[in-house]
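**Student:** Sharing a structure below in structure tokens format, with a few things to ask.
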Amino acid sequence: MGLIAFLKTQFIVHLLIGFVFVVSGLIINFVQLCTLILWPINKQFYRRVNCRLAYSLWSQLVMLLEWWSGTECTLFSDQATVDKFGKEHVIIILNHNFEIDFLCGWTMTERFGVLGSSKVLAKKELLYVPLIGWTWYFLEIVFCKRKWEEDRDTVIKGLKCLSDYPEYMWFLLYCEGTRFTETKHRISMEVAESKGLPKLKYHLLPRTKGFTTAVQCLRGTVSAVYDVTLNFRGNKNPSLLGILYGKKYEADMCVRRFPLEDIPVDEKEAANWLHKLYQEKDALQEMYNQEGIFPGRQFKPPRRPWTLLNFLFWATVLLSPLFTFGFGIFSSGSPLLILAFLGFVGAASFGVRRLIGVTEIEKGSSYGNQEFKKKE
């Protein structure tokens, strides 16, 4: 094992990376708070500033995937579709099977220049998560409780506010509503059977309300829907902890572009269109499982240096005083100061682990298990 590979497995290195991410994130959140005074003066300038502040935080996670673990991301699409990446407002539909599916999506947004302006329909619980939820709040992310009767007005209002967004945005929708598990899949297919809908093998039944509402509210702003189907070669199931340990994965993403004018305006017809799309996604997954490849031409967008340079900037700014401070603490010989410093390190370790836990499938939401709970 080489020195670099050895360092990637060391807890102290992971702790330092986590320290840089957390402290830089808190600094960025504070700056974002200060930018609120810009909103009544120049809303579009506020938005552009916050896109770049968000980029400075999210790109650190992209750096881990691209430069730290060396994970490769290959697109399967056509030239006409790839030529439009980063040059239009779009809605992204992505399967929700893996712990780092969002990170692969962020990698593509970074390579096409829209990471800072990427959006998502997020569960309201994330609003209270430091760094993640706080940054999203300043980005005007739409948060919902996932109870449509309570969410409808909030979602419509939030989406309409994005209609004049000055940066090209990719609005991500996980139409399945939650990550795939065998229990949730079984329940979902029981619902499909009760509604007379075709069963899916690799996906949960899509929730249509969020999709049809997004299409209706963003029609005239959004140019197309990108359907993205993600898989990992070798039947791997990667995690953020695996990335942190430097494990390299190979991600394949099949991307299809559907012009928005091809999607029905009528809500019921748009819902049927989405169900048909998921049947096609299921067929793509079946093909990948059998042949190990998606249809279409392969593209490997080159990684850009900005994610690495951004992380090195924050590491230089934050780790130098940390090392100086730590050296001073141990040089003092004071047991109380040393114990306090070690307590701080322990708290930081716990905080980083909790943040990583947000991405873990087994710690995901219970959304989709309601019927299961009733049966129990």
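Each residue, glycine too, has its Cβ placed from N, Cα and C.
Note that the coordinates shown come from a computational prediction; the quantities given were computed from them, not determined experimentally.
Residues or ranges marked as domain 'Phospholipid/glycerol acyltransferase' by TrEMBL: 90-212. The transmembrane segment feature in TrEMBL is assigned to 12-41, 307-330, 336-356.
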**Student:** Mind looking up the mean pLDDT for the domain 'Phospholipid/glycerol acyltransferase' (90-212) in the predicted model?
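**Tutor:** Overall, the domain 'Phospholipid/glycerol acyltransferase' (90-212) comes to a mean pLDDT of 90.
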**Student:** List the helix, strand and coil residue totals of the domain 'Phospholipid/glycerol acyltransferase' (90-212) as derived from DSSP.
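**Tutor:** Helix/strand/coil tally for the domain 'Phospholipid/glycerol acyltransferase' (90-212): 58 helix, 17 strand, 48 coil.
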